[in-house]
Amino acid sequence: MRVGYGYDVHRLQEGRRLVLGGVEIPHMQGLLGHSDADVLLHAICDALLGAAALGDIGQHFPDSDSQYKDINSLLLLKEVAGILQRAGWRVINVDSTVVAQEPRLAPHIKQMRQNIARVLAIESEQVSVKATTTEGLGFAGRQQGISAHAVVLIEQA
């Protein structure tokens, strides 16, 4: 068994969609990035790749490659799942936290969990998505960006 940890952060910007865990969330700002900037899925991808010692999201999906421009990060997670499977690993669980002052994420967490579980071919009970604020402190508190942390457990298949 191996544990992996992932972290991602993106800047908030008007005129962009806010996508977290593959769910489009109504908000006046979205996350700026080369892909859809889904910080939650990016953190999970990095955690999975790190646990298997298979690099990181930037190595596999560089922002210099136009094929990943505005790509749905669920597709990136699906590719990461395939990379792990081909290397002989399977996912036991995912535990993640999104750090955002706004918007309120609780109404969307069930769908995020289902999306992640579906792509990883595990049960939604094996996926935890939590949300927290920074009580107005730092870049998240000033609503300049959103970050996500993820921890995963994998084992040889």
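Cβ atoms here come from the backbone N, Cα and C positions, even for glycine.
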Say Swiss-Prot lists D8, H10 as binding divalent metal cation: which of H34, H42, H60 is in the same site, per that record?
H42
Determine, for the divalent metal cation site, the additional residues of the same chain whose CB lies within 8 Å of the mean position of the CB atoms of D8, H10, H42; present them in sequence order.
V9, L31, G33, A37, D38, V39, L40, L41, A43, S147, A148
For the C-alpha pair, I'd like the distance in angstrom between H42 (divalent metal cation binding site) and P62 (4-CDP-2-C-methyl-D-erythritol 2-phosphate binding site), rounded off.
12
